[in-house]
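Taken verbatim from TrEMBL:
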BINDING   HIS2  Ni(2+) binding site
BINDING   CYS73, CYS76, CYS92, CYS95  Zn(2+) binding site
Amino acid sequence: MHELAVTKSLLDIVLQKKEEMNLEKILSIQLVVGKMQNYEEEWIQRYFEYVSEGTPAEGAKIQIRYLPVSFACKECGTEFEYNVKTDDKILCPSCGNMDCKLLTGREFYIESMEAV
């Protein structure tokens, strides 16, 4: 259900951009979402259909490009992906160190928007 609040904010942002750019209708929105956010494309689209009803964004399609969760080992510098569904510990695959820095996975932003 956390997708609903994010979707309302998304609608506010695209409607503001529409006004700033003097556009009529929003056709599609391309998002970049980190896998750690755990947002489902289906639910974002459903909620967007609900919150955008009666607005210039009604009918717009949401497209999501997911970014993996990735870390860099602070000991040896190895960069590696982490599967939030199957991996239970964040361990460097090269040296076994647990002190790692998050590189990607928490993103949530509008990459582009198609409008007329």
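Heads up, the Cβ atoms here are built off N, Cα and C, so glycines get one too.
Note that this is a predicted model, so its numbers are computed, not measured.
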For CYS92 (Zn(2+) binding site), nearby residues of its own chain (Cβ under 8 Å, 6 or more apart in sequence) | PHE71, CYS73, GLU75, CYS76, THR78, PHE80, MET98, CYS100
Same-chain shell around Zn(2+) excluding CYS73, CYS76, CYS92, CYS95, C-beta within 8 angstroms of the CB centroid, reads LYS74, GLU75, GLY77, THR78, PRO93, SER94, GLY96, ASN97, CYS100
Which of CYS73, CYS76, CYS95 (the binding-site residues) has the most other Cβ atoms within 10 Å?
-> CYS73
Could you state the whole-number distance in Å separating the C-alpha atoms of CYS95 (Zn(2+) binding site) and the residue listed as 'Ni(2+) binding site'?
-> 37
Same chain, |i - j| six or more, Cβ under 8 Å of HIS2 (Ni(2+) binding site); the result in sequence order is TYR39
Which state, by DSSP, holds CYS95 (Zn(2+) binding site): helix, strand or coil?
-> coil
